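Features reported for this protein in Swiss-Prot:
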- 5-20: disulfide bond (DISULFID)
- 9-22: disulfide bond (DISULFID)
- 15-28: disulfide bond (DISULFID)
């Protein structure tokens, strides 16, 4: 499960990498 966005959003509800969004599983994924 490689995460190309390099972030999770369990503690912070935002993703800082461009083109990434928070998934239901609290992982930043490409949108």
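Quick reminder: no glycine exception, Cβ is built from N, Cα and C everywhere.
Sequence features annotated in Swiss-Prot and their locations in the structure.
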residue: 5; record: disulfide bond; DSSP (3 states): coil
residue: 15; record: disulfide bond; DSSP (3 states): coil
residue: 20; record: disulfide bond; DSSP (3 states): strand
residue: 28; record: disulfide bond; DSSP (3 states): strand
Number of other Cβ atoms within 10 Å of the Cβ of residue 9 (disulfide bond) across all protein chains: 19
Spatial separation of residue 15 (disulfide bond) from residue 9 (disulfide bond) - C-alpha basis, Å: 7
Shortest C-alpha distance to residue 5 (disulfide bond) - which of the disulfide-bonded residues 15, 22, 28: 28
Cβ neighbours of residue 28 (disulfide bond) where a neighbour is any other Cβ within 10 Å: 21
